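> The annotation substrate binding site is assigned in Swiss-Prot to Asp23, Leu24, Asn25, Arg38, His61, Leu62, Gly63, Arg64, Arg119, Arg152 on the grounds of similarity to another entry. Residues or ranges marked as ATP binding site in Swiss-Prot (evidence: similarity to another entry): Lys202, Glu324, Gly354, Gly355, Asp356, Thr357.
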Amino acid sequence: MIAFRTLDDAVDLADKRVLVRVDLNVPMESGRVTDATRLKAILPTIRDITGKGGKAVLLAHLGRPKGRDESQSLAPVAKALEGELGRKVAFASDCIGDEAKSAVSRLASGEVIVLENTRFHAGEEKNAPDFIEALASLGDIYVNDAFSTAHRAHASTEGLARKLPAYAGRSMESEIEALTKALEAPQRPVLAVVGGSKVSSKLELLGNLVKKVDILVIGGGMANTFLAALGKKVGKSLCEHDLANTARDILKKAEAAGCEIVLPVDAVVATEFKANAAHRVTSVDDVKDDEMMLDAGPETVGIVKQKLDGAKTVVWNGPFGAFEMTPFDAATVAVARYVGDLTHKGRLLSVAGGGDTVAALNHAGTAERFSYVSTAGGAFLEWLEGKALPGVEALRR
């Protein structure tokens, strides 16, 4: 387990200015927040700090602005947070300088303020010492509650943790604990589901997982690359033929590590890539030249369920097929619901993450039944790849 200080260790917060790095990078439409999931995730940390009499000074980014860009201001996000928190949230139109200092100095014990987008300043992504100093002058201690940005060594995610007494927030703490239970010290057997379209985007992930898990189920477009590498005809299916040798190398590594690989044995195929296209279920040995595999078939789903029955831990990243279109969502939905049911019965610890994965589990209506669903995206993937995350490393005792 990673040793780091949590808010349990931060006992004396009365009247302290607590700089909290949070994830406010939420989807927006016409100046309104359209999904408040990330806002809800930080409420326990804010309430913990304010409940102890601390002044919560929130730091965050929104989008990828190149300098100041009012369309990516955090002002409307602060307003939405106010609604979620059920109390007033102040806002400062800058995150450093006189405006920020003045706004923070006006805070009373137990109050909350959102400072403007840290990425309006180039020093944020450069982890620049002068920018770190300017931020640090606004706080007495630092809390990181944004695991989703922990793979970036930026001023507000890494630099500040080395400048001020640093603690993990509640969301950060639960994310690290869930991932550690799933991969670093898991109950075995561990089964990983890795799907999605391309092997090329998940090479390091696959290479790391074959050393850590007992069973690796490969789905989605990337399964086609493995099937083609094994000599199967994949027709017009999405497939990275140039990675055939790489796919075979991963299979060899898995064999050497004692990791069982599960690939589709049947598929739902169509000649057109569109919702409700005419389709059929066929063996992966019988895909015609004008057909594309768009989902795993029912026999494959049955095999995966059988493997899940014997597993104790599941790590999931990526869908089985083109889940955004019916009927090519069937395998993803069936397996996701099965994992959710086993988890609900206490037979499985299940951790899932990555943008498409979260969307797929929500589509299946089963995200709530998983042990832990990470919204972290890039940081979740890098953790699965076995990489050290700067934002987490900086919190180590």
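Note: Cβ is positioned from N, Cα and C throughout, glycine not excepted.
It should be emphasised that the depicted structure is a prediction, and the values quoted were computed from it without experimental measurement.
A description of the local structural setting of each listed feature is requested, covering burial, neighbours and distances.
Taken residue by residue with DSSP, Gly63 (substrate binding site) is part of neither helix nor strand, so it is coil. In sequence order, Asn25, Asp69, Gln72, Asn117, Arg119 are the residues near Gly63 (substrate binding site), counting only same-chain partners six or more apart with C-beta under 8 A.
A 10 Å cutoff on Cβ-Cβ distances gives Gly355 (ATP binding site) a total of 14 other Cβ atoms nearby, all chains included.
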> Could you measure between Gly355 (ATP binding site) and Asp23 (substrate binding site) for me? Cα positions, answer in whole angstrom.
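That comes out at 15 Å between the alpha carbons.
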> Would you identify the secondary structure of Asn25 (substrate binding site) according to DSSP, in three states?
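In the DSSP reduction, Asn25 (substrate binding site) maps to coil.
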> Please give me the CB contact count at 10 A for Asp23 (substrate binding site), counting all chains in the structure.
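If we count other Cβ atoms within 10 Å of Asp23 (substrate binding site), we arrive at 23.
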